[in-house]
C-alpha cells in the first residue's frame, strides 16, 4: 500500500506540473485563454483545450499507474472521454505513446498547427517525477491492488471565491485552483463494499501571488478497516458549525441552516473546493441538496475525511433513515454501484445530494435541522 500511495503522489505531481505548464508557458497559455467567439472562433480545438488538458492528465495517470501496477489496468476510471475530433473530422483517441515524439505527434493531430504546444505537453507527459514522503514510506497496510479501483477527477477548477468568509481569501489577482488526481475505491464486489479507502488530492496552483508562478501541495489519507492515516491532523470543531454551500442552494435549505449556524453560512464555487474546505477545517460541513456531483468529485475528499474522523453521507438516504427512526450511522456514499436505469455520467451521480462533515456531532445537528 505504501508503494501505491507513493506512486499516486508521483502521478499527482506530474498532473499538477501539466496544469501549471498550461498556465506558465506562453504557447499553452495562449490556447488556454484564446476562447474566440462567433465567426472568429477556431472550431478545431480552442473551445476544447481545457478539456484536452483534463484528458491528457487522466491518460497520464492511467498509463503510469497501470504500468507500475498491472492489476489496476482496466480499473482506473475518469470523468472525461479521451476522444477528440480533428479539423478534418477524424477521431483521435488521446493516450500516452511509447515515446515523447510519438505523443507529440498524436497531440499535434488535435492541436495542429500548434507544434510547440504539442511538444511541451508531450515532454511533461514523459517527464520522470520522484517525490519522497517519509510518512508514506511508513504506511503498513495490507490492501491488495486487485481489490481496488481508481476514480480520477483530473483538474477541478474550484475558483476559490469564498464569499463573505474571513477564514480564506485568495491572494490579490489570483484564484485558488485544485486538481483532484488519483483516488482509490474498492472495485465493484470487492472488499469494503465500495467505500472510499485511500485519497490523494493535489492543489497544483495552491499558492503564489503572481498569476504565472505557482507552487503546489497535496494531502493524502487512508481509511481502511480500523486503520486511519493522513498527512493532516483532524481540525478542531467549532461550538457553532460553519457550513459552506453553493450559491445555487435552495432557499429552504438556507432557511433551516442559517439559524443553526448562527449566521455562519458561507458560499464558495466548486464541489471539490468546498470539500477541501471541510478537510482543512475552514468549514465544519458542506451541504448539497441536489444531485449535481459525481463519484469522481467526492471519492478522494471522502477518503481523507474518513481518515480524519469525518465522512460524506448521502443526504436523501440519511434523512429517510432519520424519519424512519434509525439512529445508527447515516449511509455514506459508495463508489462501486452505478444508478439503475441511468445512462452515461448520470450512472455515477450522487443523486441524493450529500453532507460532508468533519465531526459526527455537527452531522447530527445538520440532519436534525434538515
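Quick reminder: no glycine exception, Cβ is built from N, Cα and C everywhere.
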Range annotated as region 'Disordered' in TrEMBL, from 159-184, 185-210, 211-236: 185-210
For the binding-site residues 79, 297, the one whose C-beta sees the most other C-beta atoms within 10 angstroms: 297
